[in-house]
Amino acid sequence: MNILQNLKESDPVISNFINSEKNRQETHLELIASENFASIAVMQAQGSVLTNKYAEGLPQKRYYGGCEFVDEIEELAIQRAKKLFNANWANVQPHSGAQANAAVFLSLLKPGDTIMGMDLSHGGHLTHGSPVNMSGKWFNAVHYGVNKETSELNFDEIREIALEKKPKLIICGYSAYPRTIDFESFRNIADEVGAFLMADIAHIAGLVASKLHPNPIPHCDVVTTTTHKTLRGPRGGLILCKDAEFGKKFDKSVFPGTQGGPLEHIIAAKAVAFREALQPDFVNYSQQVIKNAKVLASTLINRGINIVSGGTDNHIVLLDLRSINMTGKIADLLVSEVNITANKNTVPFDPESPFVTSGLRLGTAALTTRGFNENAFAEVGEIIADRLLNPDNSLIESQCKERVLTLCNRFPLYEGKLEASIK
């Protein structure tokens with residue numbers, strides 16, 4: 001059975017859009033830090049007959065019949081997640097990282113309680129207390145930031161804020177912070193003020209799993225993450241704990257607290273991704289992600305473009321475009337015109353609005369999946385610099401796009417295997 005052929009016949013409009021998106025991914029350099037390319041096996045699992053099955057509850061404790069096989073799948077996903085992150089408890093049902101965070105808040109907090117996370121403009125996340133998010137509307141959100149000189153965490157300042165505000169929950173883990181997170185120092189501060197400590201490792205989960213970034217599990221009361229990004233799985237969420245008894249309270253906060261039936265086809269895809277991440281070659285992949293990010297950062301620095309914090313320890317490279325008198329909005333448009341996908345982003349102490357910004361956020365996870373190495377990323381950095389430093393030069397624009405397409409052809413997405421896998 002050719003699944004896409006069936007789709008083409010039954011809904012040619014959607015089929016054409018899917019093919020257009022496939023072509024876009026093949027012919028563009030994906031540098032959005034929160035994106036990656038899932039394996040064919042992961043996509044096959046999430047496109048399986050498991051999408052037909054309703055399974056409210058936990059394995060062996062369902063509210064529906066016919067769950068014997070999805071029980072096996074979900075239990076396997078749980079065991080693999082625990083092994084991957086050295087945790088004693090896991091819930092694989094959250095539909096997203098935001099849903100995982102919401103379940104934690106429901107378990108640990110009451111409306112009006114004080115939570116403390118990084119300011120969104122400094123690299124935090126909407127779900128860590130932004131006023132436009134439920135976390136900032138239901139709770140008293142206070143924020144910490146980075147040091148103005150170094151753009152890195154300053155634990156003396158964080159401790160002072162915690163001592164003054166006495167939060168019930170401290171959140172560490174970010175969406176645009178390129179440096180290593182010291183979870184032990186956060187634990188010490190949380191203990192001093194009597195707060196719960198939650199780590200949101202959505203961006204660095206793959207690096208943590210590969211033991212290339214410190215693991216928050218020993219230090220935090222609860223850990224949340226997405227399953228895509230550096231973990232390279234399907235879009236979804238995950239909650240982890242070192243204390244199995246403590247973790248059980250989050251089960252009820254996921255269901256029935258914040259969700260209904262779990263997406264068992266996505267849970268199967270998570271299980272596949274966890275198995276992939278447990279293989280030795282995934283460590284090699286994660287090592288390459290970091291190597292590539294360092295090369296990308298140094299290439300841009302050598303061309304006179306400032307990088308927030310002066311470099312990176314993970315997959316994120318955050319450009320501070322004030323060094324070339326450009327906004328993130330303009331830079332995003334310029335690189336998109338040569339088939340490079342990135343996103344405008346605020347930088348610490350940004351004078352521009354979130355709709356304009358002074359930064360451009362890049363990530364190396366997706367292109368590393370395509371096989372890009374340090375030499376290839378040096379070329380990517382040169383292309384970006386050439387485009388940003390010559391915004392009105394149409395000849396250079398054309399040359400940059402040509403160089404991008406050459407790289408795309410050199411490192412094909414799925415190497416032509418995608419069509420064969422669906423027949």
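Any Cβ shown, glycine's included, is placed from N, Cα and C.
As given in Swiss-Prot:
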{"type": "BINDING", "residues": "Leu120, Gly124, His125, Leu126, Ser353, Pro354, Phe355", "note": "(6S)-5,6,7,8-tetrahydrofolate binding site"}
{"type": "SITE", "residues": "His228", "note": "site 'Plays an important role in substrate specificity'"}
{"type": "MOD_RES", "residues": "Lys229", "note": "N6-(pyridoxal phosphate)lysine"}
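Cβ neighbours of Leu126 ((6S)-5,6,7,8-tetrahydrofolate binding site) (same chain, under 8 Å, six or more residues apart in sequence): Ala98, Leu120, Val132, Asn133, Ser135.
Same-chain residues at least 6 positions away in sequence with a Cβ under 8 Å from that of His125 ((6S)-5,6,7,8-tetrahydrofolate binding site) are, in sequence order, Gly117, Met118, Gly173, Tyr174, Ser175, Asp200, Ala202.
The Cβ of Gly124 ((6S)-5,6,7,8-tetrahydrofolate binding site) lies under 8 Å from the Cβ of Gly117, Met118, Ser130, His143, Tyr174, Ser175, each of which sits 6+ residues away along the same chain.
In this structure the alpha carbons, written CA, of His228 (site 'Plays an important role in substrate specificity') and Phe355 ((6S)-5,6,7,8-tetrahydrofolate binding site) are 25 Å apart.
Comparing the recorded positions Lys229, Pro354 on other C-beta atoms within 10 angstroms of each C-beta gives the minimum for Pro354. The secondary structure of the residue listed as 'N6-(pyridoxal phosphate)lysine', as reduced to three states from DSSP, is helical. Residues listed for (6S)-5,6,7,8-tetrahydrofolate, Leu120, Gly124, His125, Leu126, Ser353, Pro354, Phe355, cover a largest CA to CA span of 16 Å. Cβ neighbour counts within 10 Å, taken over all protein chains shown, single out Leu120 as the most crowded of the binding-site residues Leu120, Ser353, Phe355.
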